[in-house]
Amino acid sequence: MEQPSERLLSTSRLKRGGGKWIYDDNNHFGIEESHLESVESVLLKLKKLAHQRVYGDREFGHDAAEDSKKPVAISVEQPTVAKAVSPYLFEGDIFLSKKQAINILKEASNIPVDSKKRGRGRRSFDASPESKWPVTAPIKYSFHESLDFFAISNIIKAIRYWENVTCLTFENTPDVSEAEDHIEFFQGQGCYSMIGRNGGRQGVSIGENCVKEGVIEHEIGHALGMWHQQSRPDAQSYIKVLSDFILPSYVSDFMQRDEKDINTLGIPYDLGSVMHYGSTAFSADQTSKTLVTRDPLYQSTIGQRETLSFFDIETINKAYCPDRCSGENKCKNGGYQHPKHCDACLCPSGLGGPTCEDFEPPRKAVCGGKIAVTDEWQSIESPGFPDPGYDPDQKCSWFFEAEEGKRIEFEFIEDFSFLCTSTCVDYVEMKIQADLRNTGFRWCCYTIPEGSFVSEKHKAIIVFRSQLTNDVGFKLQARASVPLGQRK
């Protein structure tokens, strides 16, 4: 029988490496101390391997010592990784199983960090059957006493959102046994989770500064089986890694991987995913960009921790319940049948109505609408523009539609001002791609976007969102004037 001394995650029992890894009062993961040692060893080998491939003969030990003095974060919207925890986490917030760690190291040993030669698999969701939670019964979860009321309240909101948009259900079971498969939320040293179902009690750390709903949704996403978006082997088509600005001992956290048992489920790369790194992830000076989007208009979109994207939701629905609904899909514009309510539609952001042919209802403002686009300019503006400006926690959506055979031209006019952050928190989003499921370009800060922006087809969506502040906002105009086949 396993002895208590073999278990980890107890402050009183485990202070390894001079107290670097310190846990709360109770166990939160059904693993042995040897697991921690194995994962630490594998991650160190992975770090050295990636460091050598990127920086050559540069001394790893010196870089690691210097990097250990600096803060680390994967997004400006997610708090820094606790120094005590960092050596044991992969990609900043993933606590790997031994099998996962060894597989990633083996793969990295055969594939250079900057290699473009990848296999068919594309890492987005852990598709191995044993890593998935059952859909025939609710996923059990519990709260550790370390969490305060505010954290518990936001965790419940995040769980409810996952339930509202997927086929999954969750059940709060305070008296669940350690041997039963379940998630235990606790206040650890930062935000981190394991990937997929690992058996028994499985912790999700919601640290003191991790209580934003989007951050919690991100960590639950890991527990359900989701990996970070930029780890997909097709990521190089959408982003570029700037290794000169990365903390050198963390360059392994930017490796794109290729395991045949893990794939994208046919879902496109998503720059707006809640699972994506931000522009300054693992930045040596916390401000220089380490990830640059191939399309510069997406630069301020990556790294959002507002909420799940449409593709995040679709990933889980395809992984857990791909055949839940039968019959004709009456949902339009990229929407699909809700797996819990097959007569209803899940619509891309900005769209609403019974069949996704209308605009998404506004939040805390009178705004938005469905606009028939003509050859004459028509304008829209954010609530209160320009004075007194918009208020926090508002959302508006406009669905533009021109005649088939035409496209829609947009121009920003007059004033423009939003809270300025590297990942936009308050923003205007333009969805002008042919596939309206995609997250759009997001703008914030104080410089008005210049020039014209033309939709790929005869439909487009504009979304305004404020989360934190009051500011001027935006005004833009639109017209149908550019025929298909003549892209500006």
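Note that Cβ sites are derived from N, Cα and C of the backbone, with glycine treated the same way.
Note that the structure is a prediction, hence the values are computed from the model and not measured.
Summarising the annotation, TrEMBL assigns active site to GLU219. TrEMBL lists HIS218, HIS222, HIS228 with the feature Zn(2+) binding site. Look at TrEMBL and you will find 124-322 tagged as domain 'Peptidase M12A'. What TrEMBL lists as domain 'CUB' is 367-481.
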Inquiry  = Using the CB centroid of HIS218, HIS222, HIS228 as the Zn(2+) site centre, which other residues of the same chain sit with their CB within 8 A?
reply    = GLU91, ASP93, ILE94, SER193, GLU219, GLY221, MET226, TRP227, VAL274, MET275
Inquiry  = Quick check on the binding-site residues HIS218, HIS228: which one has the highest count of other Cβ atoms within 10 Å of its Cβ?
reply    = HIS218
Ask   = If H, G and I count as helix, E and B as strand, and all else as coil, what does DSSP give for HIS228 (Zn(2+) binding site)?
value = coil
Message = Let's check the environment of the residue listed as 'active site': how many other CB atoms sit within 10 Å of its CB?
response = 24
Task = Restricting to the domain 'CUB' (367-481), report the mean pLDDT as a whole number.
result = 98
Request  = Measure from the CA atom of HIS228 (Zn(2+) binding site) to the CA atom of GLU219 (active site) and give the result in Å, rounded to a whole number.
outcome  = 10
Key: For the domain 'CUB' (367-481), the number of residues DSSP places in helix, strand and coil   = 0 helix, 52 strand, 63 coil
Ask   = How many other Cβ atoms are found within 10 Å of the Cβ atom of HIS222 (Zn(2+) binding site), counting all protein chains shown?
value = 23
